[in-house]
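What follows is one structure encoded as structure tokens, with my remarks underneath.
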Amino acid sequence: MFTGTHYRPRTDSETAADSAEKNTSDGRRRRIRAACDRLPRGAYLYCRRSPGNPRQCWAAAFRRHLIRFFPLDLPLFRPSAGSYSRNRLSSLMGLRKMSERIPAIQVEPAVPAAPSKQPPAPGKLPSAVNGPIYTRSFTGLFRNFRRLGGGLLFLLFFGTLWLNWNGRQAVLWDLPERKFYIFGATFWPQDFILLSALLIIAAFGLFFITVFAGRVWCGYTCPQSVWTWVFMWCEKVTEGDRNARIKLDQGPASAAKLLRKTAKHALWLGVSLVTAITFIGYFTPVRPLVADLFSFQLDLESLFWVLFFTAATYVNAGWLREQVCIHMCPYSRFQSVMFDKDTLIVSYDAARGESRGARKKGSDPRAQGLGDCIDCQQCVQVCPTGIDIRDGLQIACIGCAACVDACDSIMDKMGYERGLVRYTSERALEGGQTRFLRPRLVGYAAVMLAMIGAFVVALDARPLASLDVTRDRGLFRENAAGQIENIYTLKVINKTQQPQRYRLQLDDAPEFRLQGEHTLSLKPGEILDFPVSVASTAERARAGSQPLAFSLRGIDDPSLAVGSTSTFVSPAR
């Protein structure tokens, strides 16, 4: 039916040779390829001429496009994926129909390998491979810096909330009243443009710090990191250091284990509750909040938010920990596009440290063909995200420099020079000189300084009084004196924290006169709505609408001045 090379029966020597290598992956691969090569060379032509018999067409396509590229550990070749035998594979390829002398080889299921005790390959996260991370406690210079950064954050977060300023809470975001008190200043919704400028300044400040020194924000002052360190300290106090915690978790259940676990989680919940109360206290007066909470008189809405933020803090800092930094925080994702070859990052000096290996103190590592790294794993054990800094820069590295402190302590014990793991740049590791003045860094600094200047100017020019004028929906009216009057509703806000007196007047309007009282007295933060009428004093008022300017000036403080415009409508004469 077609021309070409037909299948040739196998000899006994060929069968014996193939059986000798049937248990090897390469042997199985060569065997199937050889079987495929014995297909008719005219398979494609045959497929075109006889489309009703697709078996040989499929086999030829399988041979030419799949077998040569894919290994035999695909699900098709694994017994666990459906117990596909060699006969089954040959049947699918249309080979068994040609000859029954091809020996059937049953592929045995692979024996599961024992868990490897070797450290994970570079790029893999030990936290994802080995389960919980047990960090070792340590001391060092950067640990002190981290304590300082965390202490300042705690002082700012917990301390300012309990301060009083002029008889009220120093920092309070009063959502029902739509006011934001921060010490002696009161901000209103009209001032939210200043908040936008402040966020832009913070963003460019973060960009500048990242380009200059990597993720030091994450390692030293990020709330997630700071609260995680506090929770880790609670673990150390209740369960002991790293080895003690591992032994405790692997040990059987006992009263001592239950007591330690209970104490740890009680501390965690206590810190979480204090954090939640403090955070909610920025939006509602904290002293009544605490009194109502512990007297069981707290309203359901406030109770819900206290419990919600308690649970969020407990889960984030107690259970998720490094997973937030690795998988949830967007900062770890876009940091890679901000780094350059001159960014100071925590790095391992491979040229100095390799090859790694244990040695006796005082021995010459060069004579043994070793570098300065003794492969003690201390840098891995102190890392809060569980990575090995010797594998290079990784997305999980938060730049906390815990590995730097650990490595420096080992170098001191071994009598080696410090700095095997240190803050340095990629250019310096390659033997070059780190450039601190570079276009991107200067650009971020310039934008940040410009925004700071604009923010200061806008803050200084922020009006401490507000005047809004709304004209009444009625067009006009005629008073007893025959004058045309328009009615307006004025909304005046005293944005200061002191009582103020204001005088209301019309600017550059000799043809108009304010009717009624012109002096206003407002309490601190008071909002006053009141109507005023304006009459036209001209003998013949111009028909149509005319612009009208209102101004409000402080009597006690002349610097308080604000204005607003509206229109005066007159009938056609």
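Heads up, the Cβ atoms here are built off N, Cα and C, so glycines get one too.
Taken from TrEMBL as is:
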- 1-29: region 'Disordered' (REGION)
- 9-27: compositional bias 'Basic and acidic residues' (COMPBIAS)
- 145-165: transmembrane segment (TRANSMEM)
- 192-213: transmembrane segment (TRANSMEM)
- 266-283: transmembrane segment (TRANSMEM)
- 303-320: transmembrane segment (TRANSMEM)
- 363-392: domain '4Fe-4S ferredoxin-type' (DOMAIN)
- 441-459: transmembrane segment (TRANSMEM)
Note to self: Need one number: mean pLDDT over the domain '4Fe-4S ferredoxin-type' (363-392).
What the structure shows: 94
Note to self: Please determine whether the transmembrane segment (145-165) and the transmembrane segment (266-283) are in contact (criterion: at least three Cβ-Cβ distances under 8 Å, sequence separation 6 or more).
What the structure shows: yes
Notebook entry, point to check: Out of 266-283, 303-320, 441-459, which stretch touches the transmembrane segment (192-213) the most, going by CB pairs under 8 Å?
Noted result: 441-459
